[in-house]
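Undergrad: The structure is given below, and queries will be raised subsequently.
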Amino acid sequence: MSETETSHDDKSCVPADSPTLDNSSSCTQMEHVSLAPLSRVAICGGTHGNEMTGVYIVKEMQRKKVKAAGSLYVTPVLTNPRAVEVCRRYTDKDLNRCFTDALLSSPVTDSAPYELRRAQELNAQLGPKGGKEAVDLLVDLHNTTANMGLCLIFYSLDWLTLHLLKYMQNKISSVPVRAIQLDIPLSDAYSLEVVGKHGFAIEVGPQPHGVLRADIFNVAKKAVDLTLEFIQEFNAGRTFEGGEVEAFTLVKSIDYPRDSSGEITAAIHPELQDNDFQLLRSGDPLFLSFSGETVIHEGEDLYPFFINECAYYEKKVAFQLARKTTYSFPSVSVEKD
Amino acid sequence: MGQSEPRSVSGMSLHGSTARLSEARRVAIFGGTHGNEMSGVALVNLWIKNGADIQRRGADIKPFITNPKAVEKCVRYVDTDLNRAFTHENLSASGGDEFPYEVRRAQEINRMFGPKGSPEAYDVIFDLHNTTSNMGCTLILESSKDHFNLQMMNYIKKAISPASCLVLLNEHPLLKYSTSRSVAKHPVGLEVGPQPQGVLRSNIFEAMRVILKHALDFIELFNEGMEFPPCTVEVFRVSERIDYPRDANGNIIAMVHPNLQDCDWEPLNPGDPMFQTFDGKTIPYQGSCTVYPTFINEAAYYEKQQAFMTTRRETLAASGIRKA
């Protein structure tokens, strides 16, 4: 595996509307970038044991003993087997919140929550996070009960992930393909994909937890196949043209209205339900209480997503809100020796 | 259904074509029989706090959470499925703490609302459920001879028209199961979907609320002496349970086909796509005639070895009814 790292690998991309940048010239003037080839990819599923698409994609890859795609080493990993066994999100603790620097380095005994120990195991197997031995790319498969189509979720939008997003948008037409960026420093980044040198989650919905839908499976599988295809073409020397792409950056989360004992008193309003990524303006309805009152959105126009995600009730999140940003990215190709 | 001589059939007396039935005074509304089916949990909790909307003249209507431990954890059940636990064996067993939670709970519910099969049992119990299947509003009937329930279902269907509410009849000797509502003389299942487990959708909540409003209106009208003339009710009678294709180790090897997914109640003909393997191959339905599938891809039924159920369409005749 090539150990060469160019200075561009870890650089966060520059938003086209950043105040220090001249919008009109940025996207066509960016210099071509050369990146190191990728040789090891991990395809992960079952991080939440009841999100069935990833569970079955990984199980199928394991059944077929998939180890490679062309010259790429591919490792399918069932990340939370205990949760998969009982078809629950987690057994003790949400595995996908265990990958902060602090939790990965905390001392764990046998009595520690299962998922904390498992996270450290996965970090040793596929990482370590931030280290030279980490897999080149970690893709983590998830489902949501929200109507989000296909989303790639990243912490840092590096050139590779922006190109992959564009590649997928061009080749998948059955569902919208979008990107969500979490603007969190790497040390505090908590989900599995940060373990790889490059990483992102593929989130596909809507699908109830515990259910395996063929249409959702088919589009997620296509996304995985396209990822591996892209990397092989990249490694083989193809140049991918630069361009622009939109991404949604998380701003904040909104909880349900609750009474004094903490019980939910309203449901997501029918006009908001299933309308992930449709712009929410001041005055638009958010919640419909059980007694028939409407709660409306006030303030900045923002884009809602993860609307009515089952697993977020306990995290006190009814939906999340994002700003939309346009990112420019340069043409890329693999470094020549 | 007209009879020229009066005769008596287990508590029901027939004069002409109108059956005289005793009043439906004791009514219960069960929510949380499955702790992660949220519409029923939310509605029952709402009515426990403020029961104004469910008051009706001539009836005592009790909202009740049947499986509070499962509701607390937002799971279907803690030890065993409460909605399969009301077997004669479980209800008559003596002993205590060593029984699964839901078996003890079933015994308690049987004491409070039964005993099942006795004259003291509640008159009507509505059991509120959600499904991940695209079944819309479905009323579940356990006996084709329950004229009271048939008339109620006919009333509800007409009241919500043009919106639709279908009737599923599960009288199959092998496939029928011992539900929590079966404790009552007239058990009514209410199944609304699609809704993921653990999720509360406003439209689903409202649909269930409206159906119950009409059901309680019917009970009030009946108790006030209104006569309901003979009618017919279209039902879908449970026929078969179809499992996923599995390998020798019991692992699922195919998914409900995209053409069948979400097509509850639509005709499935021999040769139509039924399952799709992970590699994209289609497995067709190979029954001998057209059936009407339901409970297609219900999350809770993977462990019960069921991908969907087939039903046959039938028209049942209900005799006229009136309070005795």
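Keep in mind that glycine also has a Cβ here, set from the backbone N, Cα and C atoms.
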Undergrad: Among B:H129, B:H147, indicate the single residue that TrEMBL lists for the Zn(2+) site containing B:H34, B:E37.
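TA: Record source TrEMBL; matching candidate: B:H129.
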Undergrad: If you count, for each of the binding-site residues B:Y177, B:Y301, the other Cβ atoms lying within 10 Å of its Cβ, which residue has the minimum?
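TA: The binding-site residues B:Y177, B:Y301 were compared, and B:Y177 has the fewest Cβ atoms within 10 Å.
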Undergrad: Which one is it: of the binding-site residues B:E37, B:R84, B:T179, B:S180, B:R181, whose Cα lies the shortest distance from the Cα of B:R76 (N-acetyl-L-aspartate binding site)?
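TA: Spatially nearest to B:R76 (N-acetyl-L-aspartate binding site) by Cα position is B:E37.
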Undergrad: Give the number of CB atoms, excluding that of B:S180 (substrate binding site) itself, located within 10 Å of its CB.
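TA: So the number of other Cβ atoms within 10 Å of B:S180 (substrate binding site) is 28.
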Undergrad: Report the nearest neighbour of B:R84 (substrate binding site) in space among the recorded positions B:H34, B:H129, B:E191, comparing Cα positions.
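TA: The smallest Cα gap between B:R84 (substrate binding site) and any of the recorded positions is with B:H34.
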Undergrad: Do you know the DSSP helix, strand and coil residue counts for the domain 'AstE/AspA barrel-sandwich hybrid' (B:232-312)?
TA: 3 helix, 34 strand, 44 coil
Undergrad: Within 10 Å of B:E191 (active site, proton donor/acceptor) by C-alpha distance: pick out those among the binding-site residues B:N83, B:H129, B:S180, and say none if nothing qualifies.
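TA: Correct set: B:H129.
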